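Asks: So that we are looking at the same thing, I have put the structure below in C-alpha cells.
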Amino acid sequence: MTFRFDNSYARDLEGFYVDWPAAPVPAPRLLRLNRPLAEELGLDPDLLEREGAEIFSGRRLPEGAHPLAQAYAGHQFGGFSPQLGDGRALLIGEITDRAGRRRDLQLKGSGRTPFSRGADGKAALGPVLREYLVGEAMHGLGIPTTRALAAVATGEPLLRQEGERPGAILTRVAASHIRVGTFQFFAARSDIDRVRRLADYAIARHYPELASAPEPYLAFYEAVAEAQAQLVARWMLVGFIHGVMNTDNMTISGETIDYGPCAFMEGYDPGTVFSSIDLQGRYAYGNQPYILAWNLARLGEALLPLLDGDPVRAADKATSVLETVGARYQGHWLAGMRAKLGLAGAEEGDARLAEDLLEAMRSQRADWTLTFRRLAEAVTDEGALRPLFRDPAALAGWLPRWRARLAPDAAERMRATNPIYIARNHRVEEALAAAHAGDLAPFDRLLEALADPFTERADRELFALPAPEGFDDSYRTFCGT
C-alpha cells in the first residue's frame with residue numbers, strides 16, 4: 001500500500017532523534033480502524049482493513065517509512081528532566097492529507113527505544129482504547145487534538161501492576177510531535193544552533209506566515225502562546241482535565257496530546273483531580289490556566305537566545321509575551337462562555353454572570369455538561385435545571401439576569417455549543433472492561449455517540465447520564481500509553 005511519505009523531520013533535523021525499529025510482535029490483529037480519518041489522510045480504508053495489522057504493529061512498514069524516536073526533555077510535575085524522549089513510541093513518517101496538511105504518523109506502544117528509561121516500551125489494550133476514545137471525543141467537540149488512526153492487538157501479554165494485560169499499539173496522527181520539551185532538550189545543553197534550527201522548522205511547518213516577520217522568533221512565541229491559550233480555554237469550557245500538563249505534553253501546534261490520565265469532570269469542583277500520580281493537585285481542573293502560563297514561561301526560557309542577543313532585552317521580550325497569556329486565555333474563555341450561555345453580543349457584566357453561575361454549580365456540585373445543556377430548555381422552562389441542583393432556589397436570582405441577556409435564537413445556539421455526550425468516566429471504564437473480555441460493541445456504541453456529541457438521541461440516553469453517586473470520588477486514572 002502506498003503512503004506517499006515525505007519525512008521532513010528526519011530529513012531536516014538530523015541529531016534530533018534516533019533511528020529505531022519497532023519491536024517484533026507475535027500475533028498482530030487489527031482491532032479498530034478509523035475509516036473517516038484514513039480517508040481524510042488520503043489512505044484506502046479497505047486496503048488498511050486487510051493490511052493494517054502488519055502495518056500498524058510495525059511488523060511490515062510501508063515503503064518510505066522512517067521509524068525514529070524523537071528526543072525531548074521536560075518539566076514533570078515541576079521538576080526538570082533533561083532527557084525524556086519517545087520511550088515507547090516511534091514516528092514512522094509524515095504524509096500530506098487531502099486538505100494539504102502535513103501529518104505525523106506515530107506508533108505508540110511499539111517497544112523499547114534508547115529513551116525508555118527501564119520501561120518495556122509497550123502499551124496495554126485498555127490505555128490504547130482509552131486514548132482512541134477520548135481523542136475522538138475531543139475531535140467531536142471541535143477541540144484541536146491528536147487522533148487515533150488504528151488500534152492493533154499485539155498478541156503479547158504484558159505484566160502490569162494490576163496483573164497481566166493484553167498488549168496493543170495505537171497509531172496516532174498529529175500535526176506534529178514537537179513539544180515545549182523538544183526545545184528544552186537542546187536549550188538545556190546550550191545547543192543554541194539546534195534550538196534555532198528547531199524554531200525555523202516549527203515556523204515553516206506550523207506558522208509559515210511568520211517567517212517574514214521583523215522578529216520571527218518572538219512572533220513564533222506569541223503564536224504558540226495564542227494557540228495554547230485558546231486550547232486550554234476550550235478544555236475548560238467542556239470540563240476536560242488533562243491530568244499531566246508537563247512541558248513534554250504541550251505541543252507547539254496547539255493540539256491536545258497524551259491522554260494518559262485525563263478525564264472529564266462531572267460535578268463541578270475546580271479542585272477536581274483524577275490522576276493517580278497528581279498527589280498534590282498540581283494539574284487540577286482549576287489550575288490548568290495557571291499551568292498554561294507556567295509551561296509557556298519554560299518555552300520562553302528555551303527561546304531566550306533567539307529573541308535577542310542581549311540577555312536583558314531577551315528577557316524583557318519574553319516577559320512581554322507572558323504578560324499577555326492571562327488576557328488571551330480569559331478572552332477565549334469568556335467568548336466561549338458567552339456562546340455556552342446563549343448571550344446576545346458582549347457586555348461588561350458577562351464575566352460576572354458566568355462566574356455567579358459557576359459558584360452556584362460549585363455549591364451544589366451540579367453536573368457540568370448537563371447544566372449547560374439543560375440551560376437551552378431553561379430558556380422557556382424554569383424547571384429544566386431543578387433536577388441538577390439540590391437547592392431549588394440556587395439559581396433564583398441568577399435566572400432573570402441571564403434571561404435579560406439572551407439572544408433571540410439562544411436555545412438553538414446553545415444546543416449547538418453545549419454537548420449532551422462526553423466521555424464520562426464510568427462509560428469509558430465499562431467499554432474498556434468489555435473490550436478486555438473480548439467484546440468491542442460497547443466501545444463502538446460509545447465511540448459513535450462521542451463522534452456526534454451535540455445531537456441528542458433517545459437510543460443514546462444512557463451516555464448522557466452522570467455516574468452513580470460516589471463513583472468519581474474514588475475514580476483514578478493512570479498513565480498507560
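Cβ coordinates come from backbone N, Cα and C, glycine included.
When I checked Swiss-Prot for this same protein, it listed these features:
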ACT_SITE  Asp248  active site, proton acceptor
BINDING   Gly85, Gly87, Arg88, Lys108, Asp120, Gly121, Arg172, Arg179, Asp258  ATP binding site
BINDING   Asn249, Asp258  Mg(2+) binding site
Asks: Does anything in the same chain, at least 6 positions from Asn249 (Mg(2+) binding site), have a Cβ under 8 Å from its Cβ, and if so what?
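Replies: Within the chain, Asn249 (Mg(2+) binding site) has Cβ neighbours under 8 Å at Gly74, Arg179, His242, Ile257, Asp258.
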Asks: If I take the alpha carbons of Arg172 (ATP binding site) and Asp248 (active site, proton acceptor), what is the distance between them in whole Å?
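Replies: Cα-Cα distance, Arg172 (ATP binding site) to Asp248 (active site, proton acceptor): 16 Å.
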Asks: If we count other C-beta atoms within 10 Å, could you say which of the binding-site residues Arg88, Arg172 has the fewest?
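Replies: Looking at the binding-site residues Arg88, Arg172, the Cβ with the fewest others within 10 Å is that of Arg88.
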Asks: Using all protein chains in view, find how many other C-beta atoms are within 10 Å of the C-beta of Gly85 (ATP binding site).
Replies: 23
Asks: Can you give me the same-chain residues 6 or more apart in sequence from Asp120 (ATP binding site) with a CB-CB distance under 8 Å?
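Replies: Within the chain, Asp120 (ATP binding site) has Cβ neighbours under 8 Å at Arg88, Gly111, Arg112, Leu158.
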Asks: Helix, strand or coil at Asp248 (active site, proton acceptor), per DSSP?
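Replies: It is helical.
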Asks: Would you count the other CB atoms within 10 A of the CB of the residue listed as 'active site, proton acceptor', including those on all shown protein chains?
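Replies: For the residue listed as 'active site, proton acceptor', the 10 Å Cβ neighbour count is 23.
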Asks: Distance check, please: Cα of Gly85 (ATP binding site) against Cα of the residue listed as 'active site, proton acceptor', rounded to an integer number of angstrom.
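Replies: For Gly85 (ATP binding site) versus the residue listed as 'active site, proton acceptor', the Cα atoms are 9 Å apart.
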Asks: On the three-state reduction of DSSP, what should I expect for Asp120 (ATP binding site)?
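Replies: DSSP call for Asp120 (ATP binding site): coil, neither helix nor strand.
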Asks: Test of understanding: give the count of other CB atoms lying within 10 angstroms of the CB of Asp258 (ATP binding site).
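Replies: So the number of other Cβ atoms within 10 Å of Asp258 (ATP binding site) is 22.
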Asks: So, in DSSP terms, is Arg172 (ATP binding site) helix, strand, or coil?
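Replies: DSSP assigns Arg172 (ATP binding site) to strand.
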